[in-house]
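Below: the structure, in structure tokens.
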Amino acid sequence: MSLPPPSPSPSSRPTPRRASRPLRLRDVVVGGGAPITVQSMTKTDTRDAAATLTEIRRLAAAGCEIIRLAVPDEEAARALGKIAPASPIPVIADIHFDHRLALLALAGGVDGLRLNPGNIRTRQHIREVARAAADRGVPIRVGVNAGSLDPAMAARYGGVTPEALAESALAEVALLEAEGFQDIKIAVKAFDLAVMMAATRLVAARCPYPLHLGVTEAGLPEEGMVRSAIGIGALLLEGLGDTIRVSLTGDAVEEVIVGQRILRCVGLRRRGPIIVSCPTCGRCQIPLAAIAREVEQRTRDLEQPLQIAVMGCAVNGPGEARQADFGIAGGKEAGLIFRKGQVVRTLPAAQLVDGLLAEIREFLAAGEPGPGKDAPPQAPPGTPRAGGSAT
């Protein structure tokens, strides 16, 4: 007796994204249904404008769409006047302790500010920054971090709890709103995934502003990637989040690549090829891991969202990877090149990778119908410039 066709399960349906108020950073829109953006933070000394711009350009080439810079002192704040106008992507000044650095950053032409309620707590100082940002049409991110939580909030809620993080963010938001300022993003970050995720849900339920997702102090790449993928990815699958930053100890380019991969894995954006490969078994007679790595490295320049499969044998390869746009199934002496599960060529094993890449580039050069490059985040109709009111 055959079973009836299954009805779609709730888990197979994408969760609608949370509605949020859009804001602009130059021509990049955050919130309001715009594509989720990937951010990073420079690791250079901001006072060295030339080195910082070099790093920003590297990150932009890797897919970074918004960049944040540390502003530890007045010299760094003044360097923003050289960096921001020359940056290919919007620049956010990361401000701690001294609100005057925010005012200098605004004068230098930055596209956004990040304020930390944990160490900028004087109401008058926050008001001064809000007024100056409104005058220049510059959004503000209220960025709460578990490591620098306002001691008064920690005392009120019995420690670094989700409630303490959320309330710290919302209290600062209320001060900005009191000045008529609404071009706001919010982030509540922690190393503890349960705390970070619960705090984000609390904020999401109580305000309409876009959410920046991230796991602070995520660590070395091996663990930081996993920690970030779980924390950021789970919230994205719940429909929460409008922009993300993966924090890793190491090259910031890796942060961007991982961020793009998280978005790709949860089905929200696709930029560049995704490589799928089998885990191998006793049938595999080729160095599959090395081949998959070679394919990944040699297709990094492609921006089209192709799926490329690298399979270890011809027994199941084309069938298991039939959803792939292109793929190879290796053998000891020869292997197959396939497209959408259909074999198109048989080649000696040593020529498989070159043959695969030739097929892909021929396809792209011909301009055949297929998935296109992910469009840069742009404004939905009617999105206000920063500093204006939503329509």
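Just so it is clear, glycine is given a Cβ too, placed from its N, Cα and C backbone atoms.
What TrEMBL says about a protein is an automatic prediction, not a curated fact.
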**Report entry** Among E303, E320 - the residue TrEMBL places in the same [4Fe-4S] cluster site as C278, C281, C313
**Finding:** E320
Query raised in the report: How do the residues of the domain 'IspG C-terminal' (275-361) split into helix, strand and coil according to DSSP?
Result: 28 helix, 25 strand, 34 coil
Query raised in the report: Near E320 ([4Fe-4S] cluster binding site), how many other Cβ atoms are within 10 Å of its Cβ?
Result: 16
Query - Number of Cβ atoms other than its own within 10 Å, given for C278 ([4Fe-4S] cluster binding site) - result: 20
Query raised in the report: So what's the mean pLDDT when you look at the domain 'IspG TIM-barrel' (21-259)?
Result: 96
